[in-house]
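For reference, TrEMBL has these:
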type   : residues  : note
DOMAIN : A:85-270  : domain 'Phosphatase 2A Regulatory Subunit A helical'
REPEAT : A:89-127  : repeat 'HEAT'
REPEAT : A:166-204 : repeat 'HEAT'
REPEAT : A:205-243 : repeat 'HEAT'
REPEAT : A:244-282 : repeat 'HEAT'
REPEAT : A:283-320 : repeat 'HEAT'
REPEAT : A:326-364 : repeat 'HEAT'
REPEAT : A:365-403 : repeat 'HEAT'
REPEAT : A:404-442 : repeat 'HEAT'
REPEAT : A:482-520 : repeat 'HEAT'
REPEAT : A:521-559 : repeat 'HEAT'
Amino acid sequence: MAGAEGDDSLYPIAVLIDELRNEDVQLRLNSIKKLSTIALALEVERTRTELLPFLTDTIYDEDEVLLALAEQLGSFTVLVGGPEFVHCLLPPLESLATVEETVVRDKAVESLRKISQEHSPVDLEVHFVPLVKRLASGDWFTSRTSACGLFSVCYPHVSSTVKAEIRQHFRTLCSDDTPMVRRAASSKLGEFAKVLELDYVKSDIIPLFTALASDEQDSVRLLAVESGVSIATLLPQEDLEDLVMPTLRQAAEDKSWRVRYMVADKFSELQKAVGPEITKNDLVPAFQNLLKDCEAEVRTAAANKVKVFCESLPEDSRETIIMTHILPCVKELVSDTNQHVKSALASVIMGLSTILGKDNTVEHLLPLFLVQLKDEYPEVRLNIISNLDCVNEVIGIRQLSQSLLPAIVELAEDAKWRVRLAIIEYMPLLAGQLGVEFFDEKLNSLCMAWLIDHVYAIREAATCNLMKLVEKFGAEWAQNTIVPKVLGMANDSNYLHRMTTLFCINALSEVCGQEITTKHMLPVVLKMSTDQVANVRFNVARCLQKIGPVLDSSALQAEVKPVLEKLATDQDMDVKYFALDAISGMYPFISLTFQHISSQKHFHSPLYYPLQFFFFNKSAKMSTILCFSVNMGSNGCNITKSEKLKGV
Amino acid sequence: EAGVGGFFTKTKSEINLFFNLVCDPADVISTVEFNQTGEFLATGDKGGRVVIFQREPQGEYNVYSTFQSHEPEFDYLKSFEIEEKINKIRWLPPHNPAHFLLSTNDKTVKLWKVSEKDKRAEGYNLRDEEGRLKDLSTITTLQVPVLRPMDLLVEASPRRVFANAHAYHINSISVNSDCETYLSADDLRINLWHLNITDRSFNIVDLKPENMEDLSEVITVAEFHPHHCHLLAFSSSTGTTRLCDMRARALCDQHAKLFEEAVDPSRQSFFSEIVSSVSDVKFSHSGRYLLTRDYLTVKVWDLNMENKPMETYQVHDYLRTKLCSLYESDCIFDKFECAWNGTDSVIMTGAYNNYFRMFDRASLRDVTLEASREVCKRRAVLQPRRVCVGKKRKETDVSVDSLDFRKKILHTAWHPKENIIAIAASNNLYIFQDRLTPNGHHNTPEIQSAM
């Protein structure tokens, strides 16, 4: 049909098809991503007979192309002619399900699962199930691992004879020679159990679970733990004790710490699955053991679960269990030798106060909080401080304030700038909870000290912090306490501090309002326009642009405009640039970025050289993965701080 | 082909011609490794190249693929050069029709895929097969490319690069039996990697003291147990080998077992510690024994007996009196590797003068063989050599003083199932096989190819 319309309509499609085999991966990828356009143009018949056979054989391609292909095929049903022909998609997905790259295989399996829903029961038995069987008995482990994820989607819709075959295949895979396949089976066991009839769960799945949970490889055993949790949710309460608990108990005491770690990590799910009785009799002692485990990784995982575990204990005996069984272990963890354990505990321990109520908190928990507030590792102290709100609700923060203050001061002066940065971020929260008086008395000086920190990221965070404080305490407070100090820095001999004044004004003008800005801040800014350092002058221009919207038009005309015009004739080209930028962009407001000038020469500009190397050392057990970035430009610090930290 | 080591591209008929070539240092083989089935053999060299040989149905090994695995680099932060020399190669268990191997230089481990391609897409819409643009007006229908058979093409592609985790030089890599992790060991640390994750590794052993002046030992080799995914062995320069159980702790600084032989104080000398440094460790195929090589001996240890080796074989005891001159020439620091045969009944290790040694554990017989161009004629049977101290007793005996210490066999590998061995001597790879008795007697290997 396409031919009749002439070359013009064919051309773009022809390009797309040709680029399916272009040398450039990016072009191939683009083409694959528009596969539906190609298929639409070829129409269903040719898609089935020509395009799909070609795609089936292109598994030599780069992973990213194959990944895109596997994803596309999952929503290709309409393009091959609807559910009636959906089985045509099976061959290319089958070959994708056997490639060595895990992400591609997983995507192919995902698409296969998706299109399995579009098969009629007959097609499932005629086309889909044979594919699953082929994969399950494939020569390479890659195909057998892929098969593991496909049993559960076809099982519910097939006849009982086929069901029996599927169960048999799954059984075989559970005792496969290669650990990779046993791991895949182990992790899909719970999912498969969900679609099985209860009798078969008991007769088939339980023995498989028991076998996998005692596999010789701990990498298999640890995956059985999660399946065990899913299986436990399927069984009636009376069967749990006989069928799964012996195995789970054994897992909680496994010789391998990785298995115990998994138990600790899945503990709340497990608790939910087995119900209150077993929790009381079995899980409480098991949890105590995990909290006392010899491996720090396990203790860390368990410590993370302390709050959730306690919360979900049956109400009638919750307090007794916590007081007699859990709290003694928690007390020990507070002085653990491993910082990650303590840090994990510190992030949840405050949550216990809501569960235990005021008296118990004061008597038992408060001493622990105080110990942790004095911990040698900043992360522990930070975690306590960041969760203060939980305690605040129960006993009020005053109880803690005497210990809190030294802890905050110490963190505020920590040698690591990341620690200082973290505590700054909690300042507005603390200020809110401690109240304005306490703040003025004790913390205000800290907040001001950060403004002259030698790390830009801290100074920047400190300005932002001031803004949040003003939002909390109001403009009047600002005028009395912080504005004079900020403006005082305008006369500092260090130009970096003078610039900080400008950055503070940028942040504060809006929250402080027109009056304070015009009366107090503007004169200072204008005065700084004659600063001898060009960086200060061009920041004046930027500052004026920023505070422009807050000022009234008479001030703009009478005071700001002449200064900007003078700056526009400055001998420094950057000052000129920003002044002109400010004049032209006075309305509307233009956001300030550094990027567009970063290509110019700025040898004298300190804003462009916080050249920093950041080394991340994730935790004791991990090796130092050196991830380093060199940042040119002031806003580079920001990027490193927020994104890299999460990424590593 | 110019970049490929000279001898690899030579066909057998050119052997004589090749012998006249001067050896390029980049061609010196630095590691040899059979894959799990023995169908493939990989070598790495000082020039950063990996050459893979495939066994033909007739039994001979021929070049299957050659690729540049590592390039010389420069670390600008620390101001030193990173050599491209391949320190170790390890094959991954088979995944699919392609083959996968890990190769490492001093700093970076790479995962390579070696795959075959025998089909090619044909049929463009806008161009003809020669690449000329077609006249647009002739295009009236869309054409979907079709795959047509073509000559077999073997491609090697880098799949993963595991970098930036080692401050010191990597001496070993070993794939775990769980097939999803591997370890890399440098002088002071052992890291555990997931094969799919390149930006993160776990440090499981760290011998680095707080103060580097307290440094008393370095890690020389590390290897995973062949069956138990939680066991690993590593040896040190002090002559000890430690077995670690990864189940017990996340950090394996504390060993589960320490294999060490008490030193006889009467034989102690300045060189005792240097010669006791373990240069290679290999688990037996059964997983029951450990084979360790130090400068003068190979030892077999039972995993259940830590205080002394079950068997100790002297590789070249006659050098004991020559340690002083070997120290001066730095030969005493040579790191010889060792290997088990497929049934763990025979062990093999290299020596000087292009000699290598085999020890039959049951009969306690041993043999010295020579891998050199002069003696390795095709289809010829290797004759045992004897080194004598003092006066020659037989014509064929070689005096200790005439041994050539520049010719050393450091890298050897044994086919996992059959009596086929690969011996790397400088830039030559010798493959010998025991043709007469495939599963029996070991000490009459026949030359398959001397390249």
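Just so it is clear, glycine is given a Cβ too, placed from its N, Cα and C backbone atoms.
When Cβ-Cβ distances below 8 Å are used as the criterion, the repeat 'HEAT' (A:326-364) is approached by residues 284, 287-288, 291-292, 296-297, 299-301, 303-311, 318-319, 371-372, 375, 377, 379-381, 383-384, 386-388, 390-391, 393-395, 399, 619-620 of the same chain, each at least six residues removed from its ends. Below 8 angstroms of C-beta separation, residues 129, 132-133, 136-137, 141, 144-149, 151-152, 154-156, 158, 211-212, 215, 217, 219-220, 223-224, 226-231, 234-235, 239, 243 of the same chain, each at least six residues beyond the ends of the repeat 'HEAT' (A:166-204), sit close to that stretch. Helix, strand and coil counts under DSSP for the repeat 'HEAT' (A:89-127) come to 30 helix, 0 strand, 9 coil. Note: the repeat 'HEAT' (A:283-320) comprises 30 helix, 0 strand, 8 coil (DSSP; helix = H, G, I, strand = E, B). The average pLDDT computed over the repeat 'HEAT' (A:482-520) stands at 88.
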